[in-house]
Amino acid sequence: MKKHNFSAGPSILPQEVLQQAAKAVIDYNNEGLSLIEMSHRSKAFVDIMENARALVLELLGLEGKGYQALFLQGGASLQFLMTAMNLLEKKAGYVNTGAWSEKAIKEAQKIGEIIEVVSSKDANFNYIPKGYNVPSDLDYLHLTSNNTIFGTQIKSFPTTPVPLVCDMSSDIFSRVLDFTQFDLIYAGAQKNMGPAGTTLVVVKEDLLGKVSRNIPAILDYQKHIGADSMLNTPPVFAVYTSLLTLEWLKKEGGITAIEEANEKKATLMYSEIDLNPLFKGFAAVEDRSTMNATFNLADEALKPTFDAMLKEAGISGVNGHRSVGGYRASMYNALPIESVQALVEVMSELENKA
Ligand SMILES: *Cc1c(COP(=O)(O)O)cnc(C)c1O
């Protein structure tokens, strides 16, 4: 039986994408070659890379606006370092909304001066700080749009002349935003775009080339742009499968349509958390993520029963992160609402039993 996959990452992909990707591993486009055994300089793969980069900009509404899309390696974790390498000259600001922001800060500190503009650590990151001042002398302000572990999401981004850099690993392509407000966006593919192994970077070109340090080639965005995102052998399978997912998203109606579906799933999930007395939500209500719903049992003694019921219903991947505990339902783009219904049913069954 196919499970209801609530995994936080690597996570669910559309079934049709998995089928197409599996076929391409055996024989890509009836060429008599596997996708993963052909040259990345072949016309077949060069087209894949070009299409993927173009479709990213199209879906984000960034075509012809001075942005470049890159498919890199090293995960979002390498971007913690690479953004600072390429953009940090004097001082950068970070909004600390959780474990991933903290890691981003730690890496950037190895490159230059960092200030923590604001933090929600005082309440174990269960909310998004608001109304803070952004100093005007920063090279950039770094944000984490969706806090995968804590289940909070920035709903409204600061307006500032300072360039915005945003880690969108767990909510890229999930909701309509004015993406032109960001100067650099990065996202590990494995949460909402594709398999692990590639990281999307979308960067406004005029932001680059301003720092004085000598950037190693493999860490230099300009070098990657100059090489059409093929400075070295790209992760061909991850890029192709990401392209398939983006094509699926376009066919579904793009970000506008998926946002509506994501809202419905989140509403269903959070109403159960709020109405069922056996559960309590972790994140502040106004900052709740549409992607990762974090919640706890009101009475830990019910855990074995609840876990057994989840297993019985084929619900997978809902264990909370060790720093929050409890449960986390990740409801990425490819998760059907039927899976949320299945989870909600188990939660209300527990209420009937208890
Ligand atoms: C998962 C995640 C990361 C880390 O991604 P890797 O690709 O494993 O390096 C960074 N930021 C956020 C918000 C994440 O959810």
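Counting begins at 1 with the first residue displayed.
Yeah, the Cβs are placed from backbone N, Cα and C, and that goes for glycine too.
Keep in mind that TrEMBL annotations are predicted by a computer and have not been checked by a curator.
Annotation source TrEMBL lists domain 'Aminotransferase class V' at 5-343. Predicted-model confidence for the domain 'Aminotransferase class V' (5-343) is 98, expressed as mean pLDDT.
Taken from TrEMBL, the feature L-glutamate binding site applies to Arg41. A coil conformation is recorded for Arg41 (L-glutamate binding site) in the three-state DSSP classification, outside any helix or strand. Within the same chain, residues at least 6 positions away in sequence whose Cβ sits under 8 Å from that of Arg41 (L-glutamate binding site) are Met230.
Secondary structure at Ala76 (pyridoxal 5'-phosphate binding site), as computed by DSSP, is helix. Within 10 Å of the C-beta atom of Ala76 (pyridoxal 5'-phosphate binding site) sit 23 other C-beta atoms, taking all shown protein chains into account. Annotation source TrEMBL lists pyridoxal 5'-phosphate binding site at Ala76, Ser77, Trp100, Thr148, Asp167, Gln190, Asn232, Thr233.
Lys191 (N6-(pyridoxal phosphate)lysine) falls within a helical segment according to DSSP. Packing around Lys191 (N6-(pyridoxal phosphate)lysine) is summarised by its Cβ count: 28 other Cβ atoms lie within 10 angstroms of its Cβ, all protein chains included. Annotated N6-(pyridoxal phosphate)lysine per TrEMBL: Lys191, in sequence order.
For Thr233 (pyridoxal 5'-phosphate binding site), the same-chain residues 6+ apart in sequence whose C-beta sits under 8 angstroms from its C-beta are His40. Classification of Asp167 (pyridoxal 5'-phosphate binding site) by DSSP places it within a strand. The binding-site residues shown are Ala76, Ser77, Asn232; of these, the one with its CA atom nearest the CA of Lys191 (N6-(pyridoxal phosphate)lysine) is Ala76.
Shown in sequence order, Ile218 are the residues of the chain, 6+ apart in sequence, with a C-beta less than 8 angstroms from the C-beta of Asn232 (pyridoxal 5'-phosphate binding site).
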